[in-house]
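Below is one structure. I have some questions about it.
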């Protein structure tokens, strides 16, 4: 989707070699001036130690619970194969273009998710709103990891505690999850039939079964300790900035794949697994016309890739200026897709196996979507494993812990970066500890017995709606107000990559249009979380307004601060990039300004060809 153009090459000694062949076979002309982007001016932000740390950190952030937990659940809820096709299409026309765009804007400007809107100050409220949405995700994401830690600790018991029924569960017909039961063995029961894995989750872990009406209940003390442990771990990882989190990324990014491949080999060999896989890949073509399926595909794409949350912009802002983010964006986006599909295949293989051993062809009766998929269906399946079920349980829940930590670390980093961009005098450790204390305190709400309903509620109003709304605004700001031509020009200056017509078309037309349509459909279709009184839905819209209102309010403030002129003139002025917009390095910023001047004075793109062939002034960058 991109082509490489000529550029001067700089050796390790900072000098330009006499001759070197470029991608298209031409020899570049030595530049008259070389800019060393490794030298920094005062106040320049820290950088990743190497490109591998950045790549692995992005993988750890993007490949997380959204792939292993949310994707299989969403796919099952929307018809298996009927969801996979829209998901793949959305990834191509929305996910990858937005991911690459956010990487470009972050690396080019070395700014976080709020200050990046120096590109158009009137739109800075987008970054503020995204910070609010990220703060909500941070709280319930950490709580979900806490439940995984609770199961991880329980997996070291002699016998898995959810494998057999507790003697006190006499009000239901409890079936040991470790037993292989069929429908014929439970049809005569006059009591509700539930597995020990389900009852363990709803009674021993969350206490959800003991709620009455709209009660929320109190947090369980073991989950509270697990939540504290999670926040202590993340605090120690983040307190030294990206230097600390970058080192841990090697393990956070690679370990989950070892476990998933291990599970895949086992799951694909189970009896009935092929039936589940067939359900996963065989589409119901009628469902492709269902707008809800497409809405879910966009939501899943955002969640799994972590786009339009600010994390991608924040991580790429710590890159060296000429890091090859086109390559990184392609690797990460395709790897994220592969991980989602692999996770889905594993889950549906297990579902097929559960359907086989229970003689049940209606898979809706053997799986619990949402959090139940992770903490009921998976444990129920593991309890039935004939060989070392405890080992499988330990590996699985430790994998969830690693995935959750990696993703949540990236989200927190984006919030820390945004705060420190605005208040550089604040020390990193103070910001991290403050966020940790607030996140730990609010996390108690999501380890109560009503946690499943509350997560669905805040995710619906405070994340899904907010993210879609601000994503449309973000694409409008970057691709229309700043302009696709300017973005492509900046990419050429930064990476020597000439952007193809496909990327340009996606950024300017296809991606914004798809997001706008999905946003409208989402508002029209509704689909409010169930189990809440009307007053709670009013509160939900208040949460949405709290995250979205910074956009118009900040815009009005910036317009009002402009020098005298008509309203239209003030709006136009507030929409233009600030004078300091551009590369962070001062010497490179001067080269960029000269480069822009040449383009403006030439009045055509011929100067770009001269720029890269070195016929006139050459602007080589020491990479």
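Cβ from N, Cα, C; glycine included.
Curation does not apply to TrEMBL; its annotations are automatic.
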Which stretch, out of 505-526, 571-592, 593-614, is listed as transmembrane segment by TrEMBL?
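Going through 505-526, 571-592, 593-614 one by one, TrEMBL flags 505-526 as transmembrane segment.
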To which of the residue ranges 202-220, 221-239 does TrEMBL assign the term transmembrane segment?
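Feature transmembrane segment in TrEMBL: residues 221-239.
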Please figure out which one of 81-101, 330-356, 391-419 racks up the most CB pairs under 8 Å against the transmembrane segment (251-269).
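The listed stretch sharing the most Cβ pairs with the transmembrane segment (251-269) is 391-419.
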Give the sequence-ordered set of same-chain residues, not counting 63, 67, 304, 403, 407, with Cβ within 8 Å of the centre of the Cβ atoms defining the Na(+) site.
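These residues sit around the Na(+) site: 61, 62, 64, 65, 66, 68, 336, 339, 406.
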Hey, does the transmembrane segment (132-153) touch the transmembrane segment (221-239), meaning at least 3 C-beta pairs closer than 8 angstroms, sequence gap 6 or more?
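They do touch: at least three Cβ pairs between the two stretches lie under 8 Å.
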Excluding the flanking five residues on each side, which residues at least 6 beyond the ends of the transmembrane segment (132-153) place their CB within less than 8 Å of a CB in that stretch?
65, 69, 205-206, 222-223, 226-227, 229-231, 234, 309-311, 371, 374-375, 379, 393-394, 397-398, 400-401, 404-405, 407-408, 411-412, 414-415, 435, 438-440, 442-443, 445-447, 451, 454-455, 458-459, 462-463, 466-467, 470, 543, 546-547, 550
Examine the transmembrane segment (330-356) against the transmembrane segment (52-69) and state whether at least 3 Cβ pairs sit under 8 A, considering only residue pairs 6 or more apart.
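Touching, yes - the transmembrane segment (330-356) and the transmembrane segment (52-69) meet the threshold of 3 or more Cβ pairs under 8 Å.
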Fill in the CA-CA distance, residue 67 (Na(+) binding site) to residue 165 (disulfide bond), as an integer in Å.
31
May I ask you to check whether the transmembrane segment (391-419) and the transmembrane segment (81-101) make contact, with contact taken as at least three Cβ pairs under 8 Å and only pairs 6 or more apart in sequence counted?
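By the criterion, they do not touch.
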